[in-house]
């Protein structure tokens with residue numbers, strides 16, 4: 001099901017009604033039915049929500065991520081606008097999962113992502129459970145074609161490579177993708193040994209996945225992480241980036257399905273986002289697993305909104321470096 005964008009969520013402080021240097025996101029956002037989009041020349045981005053936590057339910061996690069797209073957009077609304085005035089940012093609404101129809105909703109998400117990419121609009125997808133990533137992948141693959149070598153970088157505490165004989169969930173997506181698509185590679189950053197069984201490590205190794213443990217990602221070791229990322233990227237024509245908020249320490253992101261006591265510092269995640277988005281191969285981004293129902297003082301929601309803004313700013317900086325605008 002598709003929900004058109006709603007102006008009511010785009011409200012906030014107004015420091016000036018005329019000076020664009022004082023504007024906030026809610027003063028610049030454009031609402032657009034995804035069926036009405038037209039091809040853009042450059043500097044166009046779209047926020048697309050995926051209201052779904054059926055995959056989390058199937059994976060025996062804490063439900064509530066269904067509500068995240070609306071809440072993250074509300075938090076984004078009041079952030080300062082740090083993009084050039086000519087930059088276009090659309091809210092194109094939400095794809096929703098109703099009646100437990102996960103697979104159908106992922107298909108519809110894929111169609112929406114494909115439409116954005118094919119109209120030269122960079123998608124920023126706001127989930128939802130991490131089952132969002134499978135729908136995101138479907139759209140990227142449809143947009144770039146089956147012969148394009150596609151790399152997936154997942155910033156996550158978990159491999160999400162469980163068996164799926166009983167059906168897909170928020171813990172199976174990357175195994176599904178690797179089984180279905182011979183032109184895909186998978187890199188996971190932030191893996192928690194205590195969040196993955198020995199069998200899942202064996203699965204990741206058997207599938208030839210690249211991964212970096214959480215304890216190996218510090219400010220002192222970021223350069224080594226960048227080298228690993230570069231080695232991975234060089235094998236692919238296109239990248240999609242996905243961020244699961246449970247990769248962060250529970251003190252920074254308590255509002256997730258599976259909180260992590262040994263998670264990453266937000267500054268590490270921010271550095272990884274900036275670095276990966278700076279690469280010309282990266283064409284889309286999703287952020288998942290915010291659970292507003294268990295959040296503390298909207299802390300996780302605010303952090304997710306900040307990461308979305310970081311993504312937008314650094315996608316634009318890369319485009320500006322390439323085009324001079």
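Every residue gets a Cβ built from N, Cα and C, even glycine.
Keep in mind that what you see is a predicted model, and the values were worked out from it rather than measured.
Some features that Swiss-Prot has for this protein:
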- 130, 156, 160, 244: Mn(2+) 1 binding site (BINDING)
- 156, 158, 244, 246: Mn(2+) 2 binding site (BINDING)
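Taking the Cα atom of each, residue 246 (Mn(2+) 2 binding site) and residue 156 (Mn(2+) 1 binding site) are about 7 angstrom apart. Neighbouring residues of the recorded Mn(2+) 2 site, listed in sequence order and excluding 156, 158, 244, 246, comprise 130, 154, 155, 157, 160, 190, 195, 245, 247, 258, 289 (Cβ within 8 Å of the Cβ centroid). DSSP classifies residue 246 (Mn(2+) 2 binding site) as helix under the three-state reduction. Annotation for the binding-site residues 130, 158: lowest Cβ count within 10 Å of the residue's own Cβ, 158. Other than 130, 156, 160, 244, the residues of this chain whose Cβ falls within 8 Å of the Cβ centroid of the Mn(2+) 1 site are, in sequence order, 133, 154, 157, 158, 170, 171, 173, 242, 246, 247, 288, 289. A 10 Å cutoff on Cβ-Cβ distances gives residue 246 (Mn(2+) 2 binding site) a total of 27 other Cβ atoms nearby, all chains included. Take the CB of residue 156 (Mn(2+) 1 binding site) and look out to 10 A: across all protein chains shown you find 26 other CB atoms.
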